[in-house]
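To start, the structure under review is shown below, and the notes come after it.
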Amino acid sequence: MRWISLISIWMIPAMVGFILLYSTWKKIPAYETFVEGGKEGIKIAVSIIPFLVGMLVAITIFRASGALEFFVGFLKPVLNLFGVPSEIVPLALIRPVSGNAALGIMTDLIKTYGPDSLIGRMASVIQGSTDTTLYVVTVYFGAVGIRKMGDALKVGLLADLVGIIIAVTIVLLLF
Amino acid sequence: MTVIGLVFAGINGKMKEVNQAIFVSARDAVAISIGLISVLVFWLGMMKIAEVSGLLAKLSRLFRPLITKLFPEVPENHPAMGYILSNLIANMFGLGNAATPLGIKAMEQLHELNGRKPETSRSMITFLALNTSGLTIIPATVIAIRMNYHSAQPTEIVAPTLIATFSTTIAAICIDRFFYHRRAKRRR
């Protein structure tokens, strides 16, 4: 356990140190280059704002209106058939949409059912093995100003669906 | 999605909550963007050094066989390769705040390769598919939360998470390929 937290603590400083050492060795003016690259960051952050506001407002309306709950209710009987606890459904639906909300739901599930219960383990694996597709799509494409997403959203969400099915199946098989 | 939500709010009598949600979430979105400035500036500055010093090119040379298969449209020595790789590596180690700026930068390079067209290219979709499948080696946050709630074995989920995340990534690549071939067929 300790070595894992040790690695995560050392990781970033080690990377920063290595990049700087390498640039000194190659005789690159590190500070000037850093400032030049960093300037872009401000521009990108500002250009994301409208994309993120649009996406986040739409998602929150969908949740606050009770529409999400409605669709969760639909899925429950199907999942019970396969022995999947329906408590996991809200997490599975929120996971591609909002990272913070998913983390909240996962923490709540672990708190309520215990980290070593089937539900707690399933929540942990789902949280760890998928990512927030909508956020990634919005931020990455927003930053370069792409409005036509083509197949990107379909591919991302399908991958999430497969990912959650795989996560649930693996937990059912292993524990 | 918004319209469905609004209709449901009308039926469920939750207009008040929705009203509040609109403005809270809009403010949150701006706060997230502004909060990104710090990590964006720091990591883009750092990676610029890595790019200029040639470290990024070295990294892409290391993984060249794998990555050229996944991104056949990207020239081998293009800086996009370096950014794609460093984004994937940052994701694997759970360095979310480093992964986002690198991913944006990679997307920008791919956008340039696509002639700055306002639509997605094949490589962009592949890159996104890899990102959304959430490749992780150490799910640090999840382990921390499990420890908080006194799990007997907080790390027992590492192996299943690894299996899940790698199979998901393979599935994501397959799904991406499938959609690519469908697009190619339609064009003919």
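In case you wondered, yes, glycine gets a Cβ from its N, Cα and C as well.
Ranges compared are A:100-121, A:122-143, and TrEMBL records transmembrane segment for A:122-143. Over the domain 'Nucleoside transporter/FeoB GTPase Gate' (A:46-146), the average per-residue pLDDT in this prediction is 84.
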